[in-house]
Amino acid sequence: MEKRDGKRKFQRGRKDGRMAEAEEIAQLEARLSAGAPAPGSNPLAHSLPLQNQQPSDGAALAPFVGAKLFQQLPLSERTKRGLTEAKFTHMTAIQRAALPHGLCGRDVLGAAKTGSGKTLAFLIPAVEKLFRMQWGAMDGVGALIISPTRELAVQIFEELRKVGKHHSLSGGLLIGGRKDVDSEKGRVNKLNILVCTPGRLLQHMDETPNFDCSQLQVLVLDEADRILDMGFANTLNAIVTQLPKQRQTLLFSATQTKSVKDLARLSLKDPEYLAVHAESAVATPARLQQTAMIVPLNEKMDTLWSFIKTHLQSKTLVFLSSCKQVKFVLESFKRLRPGVPLKCLHGRMKQTQRMVVFFKFCEEKHSVLFATDIAARGLDFPAVDWVVQVDCPEDVPSYIHRVGRTARYTSGGRSVIFLSPSEAKMIEELQAAKIPIKVIKPNRDKIQAVSGPLAGLLSKDPDLKYMAQRAFITYIRSIHIRGDKEIFDVTKLPLDEYSLSLGLPTTPRIRFLKKGMGTVSENVKLKHDDDAHTENDKDSDQSPFGTDEKVSVDLHGEKLLTKKRPVKEENEQEPKVEDSLGTRINKKKKLKINPNRPAGKRFVFDDEGNALPPLAAFSKGSSDEELLTKDPGVSLKEAAQERYQRLKLEMQKRDKEDKLLEKRRLQDKRNKKKQRSRPSENENGLNAEEDDLSNERLQSGLPAQKKYFADDSFDESDLEVEDREAKTNVHVHSLSLSAQESLALRMLNFKS
Ligand SMILES: Nc1ncnc2c1ncn2[C@@H]1O[C@H](COP(=O)(O)OP(=O)(O)OP(=O)(O)O)[C@@H](O)[C@H]1O
């Protein structure tokens, strides 16, 4: 009896709740239609007094155009509660401009500076629309939010959880690669709001039998210009064909597209173009101090190292143009121990690693993150002090997004870009785009040479040397394929000096430059190579290993779905290149040694792996200002020439020693081969150890007949073999001919 009463009470309560909700929705609808801003108007032109906070019953139709507080908008109580709990009270300019239109169901193209709060400007209308339609689990997917990268999708999802915390809508994050989506398939249809990357979404559209977006109400493209560019063209077109034309579409970016073609692709209907900072004198956040330095390519490593050493108490984000460069700089600098945590973020990392790095960098106070452009857009790392662009960005929008990782919302921040002399024109382009950038001179006193210690590291570590070679090649290729030849001109780069600055003893020869430098038409097959692009951070699709868990929760935070996800990336990071030129080139490219280049230097390290004399000694007393602004007038060219001369002599000496060693090693090898062909020796046990060596060689996948490169005519496809052999040489050297002889003698003596 008591039980039945309880049930009735519960049902009555639910009914009352539904009625109250229906009433709330009716009021919201009435207020929205009565106070809608005029189409084409900018609500920022109006201003409501702040006291008009919570319209009481009497003010149910209170105006909201010109509102400054979230509480002044016609939002559901659930959303208001979520916003208040997340401490969002005052709206930012883009929110004030876009929300009144967005809440009325209009298509919006929102453009505002980085870090200005665009995420809430699209999340709130999406959540509110579904709330007002009383969207439920059985209604399926009501809103799709598409982001170009996984990290950004995660961040948007976190923001969605705050806004939607008190709603009964469910949300899912779909960001994995191409495999292991089966576990998602059963649930994905029951989710109401999906935050996803384009590739994963399309995968569900293609593969999940009952996945249906035909009822979709709201489509959001965050970083819309990126999603609409060539890299995502095919994927996005395929997605859009599966969406209903009757929907609300919201496009947001700091560098917005206005291309009629793009808008037609998305069937936008009379969109409201709200560019809140378009009239602003500058295109970047006001609290961002931006500087540029002209740094010859071969001094960029030194300058970067010196920057890091003089900014140990900062949180710094460093952009490089390819995964290979990021990997090399991280690995080599880690070994030189700058005194601040170093980490990296690029698209070839496994998803779990990417997330760990992302969250760790968010938490850390002093840290350096080396990243490709995967981290350029949208990511909201708190309190980044510096953005350093070691490589010139592809264009002005890329620059704006990169520097936008600092000086977010109301914070300040600083940025510096190292431009090689041939890239100096970029400064004019930036200034023409209303970017207040100040050109300063590096302080030569504070520059610490790092190429010598790098050469030392590379000479000891074939893996690192291989990484340096790949970093060199991918950087050159990235310049080679870029469009603006007035800025990106390979023929103007000091290739030999650059290679040396990475610590490489010889300049890797790049096949695509063989027939003549600089013109793309002469050097085909480059356009789609994923090594060359930061944004080509295609994941290791082939990796059979990494899986990670995801994540689909309802907006209260309860886990709905846990799935295993593959590490490999979809085409979120497809290259920004034209499909017509998209001939993929073989990953193994030929490398040749150029004998006429300057030579590297051998360095000595202490027991802890520090270069002698310790680099730290040079950094004493340095400060930000000194490094960046003082110009002692030292002729860098003379200093560099003298250094190269010295390095060349030392390298020649080292070459001689290497040749001698190589000769001995080949002798050993021939000898061992002979010994192997003598069966009696095995019976004596003489070759037991050598058998082990053979086994090791087999395990390492090396051919019995190894190939060495005594001359300058090896190609890049040989690099891996060469380096693996170098590793194996540890074993070979560890059992030299004389050692084998003495071992044999000892064993024979023992037997007798
Ligand atoms: N009204 C607000 N009040 C307080 N903080 C806000 C408000 N709106 C946004 N923020 C915060 O400001 C930061 C930047 O917001 P958001 O990431 O949405 O910027 P964005 O314009 O999308 O930047 P980007 O162009 O780089 O993607 C976030 O930490 C966000 O939580």
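Counting starts with 1 at the first residue shown.
Backbone N, Cα and C define each Cβ position, glycine as well.
Annotated features, as they stand in TrEMBL:
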- 1-12: compositional bias 'Basic residues' (COMPBIAS)
- 1-22: region 'Disordered' (REGION)
- 68-96: domain 'DEAD-box RNA helicase Q' (DOMAIN)
- 68-96: motif 'Q motif' (MOTIF)
- 99-274: domain 'Helicase ATP-binding' (DOMAIN)
- 300-448: domain 'Helicase C-terminal' (DOMAIN)
- 525-551: region 'Disordered' (REGION)
- 563-583: region 'Disordered' (REGION)
- 563-581: compositional bias 'Basic and acidic residues' (COMPBIAS)
- 588-607: region 'Disordered' (REGION)
- 648-709: region 'Disordered' (REGION)
- 648-669: compositional bias 'Basic and acidic residues' (COMPBIAS)
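Within its own chain, the domain 'DEAD-box RNA helicase Q' (68-96) is flanked in space by residues 24-25, 28, 31-32, 35, 43-44, 47-48, 50, 52-55, 62, 103, 110, 112, 116-118, 120-121, 124, 127-128, 131-132, 162-167, 274, 276-277, 409, which lie at least six positions past its ends and keep a Cβ under 8 Å from the stretch. Taken as a whole, the domain 'Helicase ATP-binding' (99-274) shows an average pLDDT of 91 in this prediction. Remark: secondary structure over the domain 'DEAD-box RNA helicase Q' (68-96) totals 16 helix, 2 strand, 11 coil, with classes taken from DSSP.
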